[in-house]
Structure formats: C-alpha cells, structure tokens
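S.K.: For reference, TrEMBL lists these features for the protein:
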type    : residues             : note
BINDING : C7, C10, C29, C32    : Zn(2+) 1 binding site
BINDING : C75, C78, C103, C106 : Zn(2+) 2 binding site
DOMAIN  : 71-111               : domain 'TFIIS-type'
ZN_FING : 7-32                 : zinc finger
Amino acid sequence: MASLHFCSECNNLLYPKADPQRRVMVYACRICAYDEIGENQCVYRNDLLTVTKEQMGVTTDLGSDPTLAHAKMACPKCGHDDAVFFQDQSKRKETRMILFYVCTKCDHAFIDPTLNLEQQPEM
C-alpha cells in the first residue's frame, strides 16, 4: 500500500527517485540531502484529466472596478458600448485566452460574440 514518507531531518515530504549508483528506488528529500531506501517498490501516479469549460466566476461590481481595462464592446443585453474585461483565471494545462466582458451599465457578463459558438464557455 502506498503511503506518504517524510524526511527525518527536516520533516518535508519525500519523493520517489531512482538511485542509479545503488540501482534501487529511494525516497529523497527535495530540501536537504536525506534519502532512504523504499521498502515498497510500487509507485503510484494518478493523473486526473478533467475537461472543464472556462467559467465566468463572480462578476458583481466588476463594472465599477477602476483597475480593470475598458473596451468598446456592445453589450448584448442593453446595447451599451463600454465594458470591462478580464481573462479566464482557471489553472489548467490547456487554457485558451478567453476574454470575459462585463457591461459597465447593467453588469451583464458576456464573451466576445465573434467567437465560434461551439467554443463558447459556460457562464
């Protein structure tokens, strides 16, 4: 059974690593030079692939935020042509640069209408 191993010198997590001189797997500390030979030679790696679309997030009061950039983008709800914009903040490997817009008049959140409809994220 896999378990976490901790350094006996600095209490940081030990990571599995191959030791080519001794030809064994060791658990080594990334902070100090400590390592120990692993009794369990089985190492598990669980990569989770989650496919999520870009999401708008909380957009209340963004229209009045003075730190956000403004763009001349017509709001599809009220027709006002001033909106603040920001980029998707999710931390994924494959993130497209999707700009989200928030109307400064009615606080309606939207994306660039010229984007392909199949690629539009959930809001």
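Our numbering is plain: 1 for the first residue shown, then up by one each step along the chain.
Keep in mind that glycine also has a Cβ here, set from the backbone N, Cα and C atoms.
Could you give the neighbours, burial and distances for every feature on this list?
M.R.: Cβ contacts within 10 Å of C29 (Zn(2+) 1 binding site), excluding its own Cβ and spanning all protein chains shown: 21.
All protein chains included, C106 (Zn(2+) 2 binding site) registers 12 other Cβ atoms within 10 Å of its own Cβ.
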S.K.: Between the Cα atoms of C106 (Zn(2+) 2 binding site) and C7 (Zn(2+) 1 binding site), what distance do you get, rounded to the nearest Å?
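M.R.: Their Cα atoms are separated by 55 Å.
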S.K.: Could you name the residues, excluding C7, C10, C29, C32, of the same chain that surround the Zn(2+) 1 site, i.e. Cβ within 8 Å of the Cβ centre of those residues, in sequence order?
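M.R.: So the additional residues around the site are S8, E9, N11, N12, L14, R30, I31, A33, Y34.
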S.K.: Of the binding-site residues listed here (C75, C78, C103), which is spatially closest to C32 (Zn(2+) 1 binding site) when Cα positions are compared?
M.R.: C103
S.K.: I'd like the Cβ neighbour count for C32 (Zn(2+) 1 binding site), meaning other Cβ atoms within 10 Å of its Cβ, all protein chains included.
M.R.: 11
